[in-house]
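S.K.: Annotation source TrEMBL lists transmembrane segment at B:28-46, B:52-70, B:77-96, B:102-121, B:128-145, B:176-195, B:226-250, B:280-300, B:320-340.
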Amino acid sequence: MAGKNITGTAPHKVAKLGVARTFQNLALFNGMSVLDNILLGRHIHMHPGVFRTAFYWWAARPEEVENRKIVEEVIEFLQLESIRYELVDGLPIGLKKRVELARALVAEPQMLILDEPMAGMNQEEKGYMSRFILDARDERGVSVLLIEHHMDVIIGICDRVLALNYGEMIASGIPKDVVKDPRVIEAYIGGSHG
Amino acid sequence: MFYRLSGVYHSSLISDSRMFKVPADRNLAVFLLLIGLAAPFILPSLYLNSYILPWLIWTAAALGLNLVTGWAGQLHLGYAAVMAVGAYSAIHTVRLGVPWEIALIIGGLAASVIGSLFAFAALRVKGLYLALTTLAMQFVMDWVLTHSPTISGGSHASLQAPTLALLGQQITSDAGYYYVALGWCVLVTIFMLNLKRTGLGRALVAVREKDFAAAILGVNSFYYKILAFAASSFIAGVSGALLVATFYFLAAPEQFSVNVSIQVLAMVIVGGLGSIIGSYFGVALILLVPGLVNGLVVTASEELGMQVNVETLAHIPNAVYGALIVIILMIEPLGLGKLYGNIRDYLMTWPFDQLRK
């Protein structure tokens, strides 16, 4: 990461280096609103403390409002305005994934890791998600590392693909070539039996 | 009532981050505060100082425990021990001739240091193990108090609290004690309300809900747990000191024994983890209902002309009160605070919520 090896660094420090990620199985904070969840994404840019909390009006409000503005931009970008104050517990999975993407994006990372953002989504939600990922890359200039096995999505939005089978690299290159690789077909789509 | 959410639109981020977003809530809070201020002129001083005053101080203490158990999600069974540290260090500081204002802060800081020291040891473990470790801390503290004459004045001894004096004024009147308690309770409540809307509160909830996800977002969960313990211990320490200064007037180890720890935890759980208004209700239930039920049972037995012997009489309130806790937690596991929230939300949109269905 930026010329440094970060293997073995504590997770909360990695975040400060500009890496943000989402989870395959969702890791939103239940019992909090969508807004609070996304605001947590700003954590590395904020300085919460006991005294700031005690003297909120002088010490914390400017920072809260400043960060809220950035969060609002992302909320608008991902079209989450209408569910801003809802608790995340009750949202459908497609929206939860979008909230998680928002939470990762507000951290303004240089590197965004998306672990199966399309898992459990229907075709329409996948379409939305792909659009958002592309927009995030183009407008916000983040590098996206996408972990995914929906072939249509990969061919649609990836620049470069690295195929793994049980931890071993079996192919890499531009998507069109990789999906034609016989070993990739064998591992992901299933070989032509007979 | 009559759709109190109507017409509430926030047009700036500052107004959207207010403590009470709904005017009705804000008005209620102001109204309650005014009643609180006027209470010494309304209520007889017997009620004021034997019911309302301990209720306020215990609420402040319960809010402190709520910070660590409700927000940060760490079970804490040694809370009374932390209060004891605050109480004893404040009293000894005053006896050395330091003014009360500073002594209270020193008491809070001492409690904070001891509380976070224990947290350091305890936070290597989670859940039930943490509960047990904090329980051990309670017993260690009990032992230290009863076995070190310099702190407690010897076993079975109690320590006289010097007269409370704040801002150069000796406080000896009932109303004076009450205002001190009210002031502290309001301060703690404001802190907790602020906690709800700042990064600190969010980080604590994140640590409670999913610490791995919190770490990915850059939240150092160990640091925030310690911070929660330190802040809550400070509140505990000052509350303990004020409790001795305005209510018990004597400090004795039994006042901060393990039963008390469990009682405070019960207050927080019955009131609702992570609920501020719930802590008020929870403390009221645990602190005031036994006496109330006792009175009711006595009156009822007299009215009915029944001869109830003293022993039965002593047990009925306990049974009723225990049953009440079970019933409340069965109706609403999230406690009285959530129960209040449900009613409030219903009334907030009444009668128009029916139209939507």
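Placed from the backbone N, Cα and C atoms, the Cβ positions cover glycine too.
Curation plays no part in TrEMBL annotations; they are all automatic predictions.
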S.K.: Considering only Cβ pairs under 8 Å, which range in B:28-46, B:52-70, B:102-121, B:128-145 makes the most contacts with the transmembrane segment (B:280-300)?
M.R.: B:52-70
S.K.: Do the transmembrane segment (B:28-46) and the transmembrane segment (B:176-195) share at least 3 Cβ pairs closer than 8 Å, excluding pairs fewer than 6 residues apart in sequence?
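M.R.: Contact between the transmembrane segment (B:176-195) and the transmembrane segment (B:28-46): present, because at least 3 Cβ pairs are under 8 Å.
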S.K.: Flag the pair the transmembrane segment (B:102-121) / the transmembrane segment (B:77-96) as in contact if three or more Cβ pairs fall under 8 Å (sequence separation 6 or more).
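M.R.: Judged by the Cβ rule, the two regions touch, with the required three close pairs present.
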S.K.: Determine which recorded stretch among B:77-96, B:176-195, B:320-340 has the most C-beta pairs below 8 angstroms with the transmembrane segment (B:52-70).
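M.R.: Between the stretches B:77-96, B:176-195, B:320-340, B:176-195 has the largest tally.
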S.K.: Taking a Cβ cut-off under 8 Å, which residues six or more beyond the ends of the transmembrane segment (B:176-195) line up next to it in the same chain?
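M.R.: Residues 19, 33, 36-37, 39-40, 48-49, 52-53, 56-57, 59-60, 63-64, 66-67, 71, 164, 166, 169, 201, 204, 235, 238-239, 242, 245-247, 276 contact the transmembrane segment (B:176-195) from elsewhere in the chain.
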